[in-house]
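Notes to accompany the following structure.
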């Protein structure tokens, strides 16, 4: 079978393909996590770790954190997989048959799999039936050889055997309010239990599994990490105080960073960096700042709700039979059809066999600000596959810093080659704490047609250009200095439109009646702007620009706003009278809303203060959502 080649299709950029992003996302490093929650009777004490709500138990706080984390995970990276495991339980459920460990799951979902709406819903209600169906008991008691913590680490390690360490980050998140699990034991029993459990933790870490502790700190009682968990997770004595101070921030991140679609500092891709012929090293790339965009569309089967797998078959136009042999492509040239195989096309498009290849060096002064075409990527070496990569990377890194040079390199896939600039960054510390790590930033350089030169507006000689006076410049500088945001980061703000988008999806998936509360962090800080010092510099700046004319123009604009407000109020009152002529609940339940006109539908929306934009189907959906409230 032969197909005519489309030149634009052959050399089309992969980034222009809407399906390519989903493929790249699923192919990049996944995160496999096991939430390990202590279920001992001590976790069910009716005393919140925050000390504000005496009706909350530690177990309730842990479950809420896990649920919030799962919701965030579906938004951030839906390809990640999780497992939920309880230890110190009366019942046991795990493949190893270990006592005191219960792996929680729902339906046909595997123990370690992508989170689902059903998993989140049933986990949210688990506390009501936990005592009856699973139960709680101390799995580590004096005079017994049972060790539920050891069993839990063993089960979690077995769950995380899925996936390769090359393509998956494996984490174990441990929630407990017991700082010394072997405190009731003494002598040789305690030493043996402690030693074997620490060895189990070390074995898991040797397999690439990171262990993270979330201590549920009790009011007025210190969680002493040094008793046991410092050795388990590998915290030095000097870092214990810093670890405890950061516990609150970690809980805040887990509970309140929803719907922001934050990109974690995880490995995006592992690359082979070719220095010269015959010498290559391995590096990891990390995403730093990325634009906030909704997730890619995934087509689902209408019956099973499972993702659809797209397959393509070729049918012979003459016989109607399926073509089994590989297709060949051709391109007409001088009354001849030049045939190409798939392999030949791949060779034609291949620019280099290297993922990242060093081409040369240039002074840093040659790199301009406008050369930064898109968000950069951070590069850091790894010795996981190629031993010695870190040593060679450090030598290259130090030389580039010393000589003030940046490296020019080839990067990309065959159909989308790019030139990039590698800029060495030295380590930055503040009071002994690392603020910026050493490494390299990969700047994506533009092609010639990507650079747009500035078009200056040339005024005619008769036109007088307005220039700010020295007083106006000083007032503007004072205003900027007074309103400067300290320690500001773009990561502090969430996109309100995306937050609402994910809030609606969450309500639909979990069958919630009410939409989650959306906080618009882009609104002005009314409290900060009303401070006397800020008000003073604002008024001084306005007076320097407008003078006395500002007050008169403001009063005229106030009158216009007042008239517009009166008009909107009158329209809302008329709409309220019109919509009283219909039984909206009956029309919605009987499916007769479609028979109404757009004007009638907008009367209801205007009376309720809802948006009026969109097609007729959008208006009806908005009315149904409001009626459900």
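Quick reminder: no glycine exception, Cβ is built from N, Cα and C everywhere.
TrEMBL lists region 'Disordered' for one of the ranges 549-572, 573-596, 597-620, namely 549-572. Residue ranges 1-27, 28-54 are listed, and TrEMBL annotates 1-27 among them as region 'Disordered'. Across the domain 'SAP' (593-627), mean pLDDT in this model comes to 79.
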